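According to TrEMBL:
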DOMAIN    297-332  domain 'EF-hand'
DOMAIN    337-372  domain 'EF-hand'
SIGNAL    1-23  signal peptide
TRANSMEM  68-92  transmembrane segment
TRANSMEM  104-125  transmembrane segment
TRANSMEM  145-172  transmembrane segment
TRANSMEM  206-223  transmembrane segment
TRANSMEM  235-257  transmembrane segment
TRANSMEM  424-443  transmembrane segment
TRANSMEM  463-485  transmembrane segment
TRANSMEM  497-518  transmembrane segment
TRANSMEM  524-545  transmembrane segment
TRANSMEM  552-574  transmembrane segment
Amino acid sequence: MSRPPLYLIFLLIFFILCGQSHSSRFASISSSSDLVSDGVNELQETPYLRLNSLESVSAPEESCEESYGFLPCTTSALGNLFLIIVYGYLMFLAAKYLSTGSELLLEILGPGIVGGLFLPALGALPDAMLILVSGLAGSAEVAQSQVSVGMGLLAGSTVMLLTLIWGTCVIVGKCDLQDSVAIDLQDTKGFSLTESGVSTDIWTSYAARIMVISVVPFLVVQLPQLLNSTSGRHLAVLIALIISVSMFIIYCLYQVFQPWIQRRKLAFVKHKHVIFGLLRHLKQQALGRLLTESGEPDREIIEKLFSRIDANKNGLLSASELRALIVGIQFEAIDLDHDDAVNKILSDFDTSRDNHVDSTEFANGIIRWLAQVQGARTGRADDGPHTLKYLHNFHQETKREHDLLDVGEQSDEVVEGVEESKGVLIRAILFLLLGTAIAAAFADPLVDVVHNFSNATSIPAFFISFIALPLATNSSEAVSAIIFASRDKRKTASLTFSELYGAVTMNNVLCLSVFLALVYLRGLVWNFSSEVLVILVVTMIMGLLGSFRTAFPLWTALVALLLYPLSLVLVYVLDYVFGWS
């Protein structure tokens, strides 16, 4: 018998427990007017019979409104905290399903449209829905009080991605820095603030600059406040909305026609295929053993393999000798150009840049590749068969990534796999529909319980949504970024930070567009100066840091991590000390 999914069990527990909190809201303390004397004792309360009138039942001192007329609610702090956890988990599921569905579409439709348009938009969909429902409820007065939840989520997502997640990626992906370039898979400097860190390529700097440009609508909407003008605030919101929507369209078109992030990732996956193919071939030539009994790379065996490849015995491997080696290797599941494979090997092995690989460079390159396959910097006490297991796992992971990215280049395989593509397309659509449905259904209840929790604890709703909601909507993306950065490679670090910058850019254009549309169409007052200032400060600091640097020592991670608590303190001081709100 198959076990029911975890989230169904979670939902069942949720309704059972919350039903208790909902039923308890009808119990209220009656006034003395509802007490009838028994005529014996006029001074004691116990002889009285308590009569609960319909008015006392229907109008308790504190009440809450059920979402959709049936979802449970409570006025207690602990009850609302529980509901925040439950609804937050459901929004996490929504984000996860949307991510899975968009990745499946990427496998079918390609990185141009899907990777540039659907992936960024779908990734920001849960945030956009929460922002939307925060300003739709009730009258304009109610919407004005609840829209701070949407602003908290907008600011919290941006700040969390650029501080906590960015800083963590630097720490887990740190390598030795030499001449402002991280040396892949080498971490001997420990936690040196200046000599250990990560480095990225120039394309990542371009992504950071795009992110900096995306804050322009925030500046426009704040102009009336900067000029101490009250007459042009509504017009400023409209202008900022037009600019934000235009920037969203331009950014999507840029990603469609210049999908360099997806192309770089595809090139990286092909590079991993070269690593697997060469190591597997060398292992076969070495009769199944590239590691010693202690798990360290066997330099003697590697040097013997070098001598076998060195056809003219001059102690150097030329491009033609490497090509002869590549021709004899079968690269599975990929149509890899032989010259391209030779160039990849030379770029990794030829540290002297003389277009030849000597025995030392060859041995060091093989050792680095073995370390990458093993997923560690040092060898382990594994024998030959275990090394085969490493190669197999590495190959399966690489093949999966390649299948998700490599489209439009293998027409014969596409024709043969039409039926499989239909099945993948159906799964992708189902995941997207399920994720969208969950996000649409539970966004409004989540905003309500955040507001109720704020009333029960007297904590401003902005701070609750700033801290809690991004954990629900961005946790899946955050975990993926941290895991990807932990591979200690400059290429993976570049992709990781590019995706973080892209997510913040989408927040600044798509989610802000939704928020500005709410404010303008519902006639709400724009009084979010402190929140906007936090977004501007964090985005500008981290954006300029990423725009003009490609090396990020550990001290930059400390700066990023400290910006998170400083952002909360800044909003509190500006709103509750200087009265900006």
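The backbone N, Cα and C atoms fix where each Cβ goes, and this holds for glycine too.
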Problem set entry | Selected stretch (most C-beta pairs under 8 A with the transmembrane segment (463-485)) from 145-172, 206-223, 497-518, 524-545 | 145-172
Exercise. Would the transmembrane segment (206-223) count as touching the transmembrane segment (552-574), if touching means at least three Cβ pairs under 8 Å and pairs must be 6 or more apart in sequence?
Worked result: no
Exercise. Taking every residue in the domain 'EF-hand' (337-372), what is their average pLDDT?
Worked result: 77
For this session: Look over the recorded stretches 145-172, 235-257, 524-545, 552-574 and say which has the most C-beta pairs under 8 A to the transmembrane segment (497-518).
Result: 145-172
For this session: Give residue numbers and ranges for long-range contacts of the transmembrane segment (145-172): same chain, 6 or more residues beyond its ends, CB-CB under 8 A.
Result: 127, 130-132, 134-135, 137-138, 197-198, 447, 450-451, 460-467, 469-471, 473-474, 478, 481-482, 485-486, 493, 496-497, 500, 503-504, 507-508, 511-512, 515, 518-519, 524, 528, 531, 534-535, 538-539, 542, 552, 554, 556-564, 567, 571
Problem set entry | Composition by DSSP (helix, strand, coil) of residues within the domain 'EF-hand' (297-332) | 20 helix, 3 strand, 13 coil
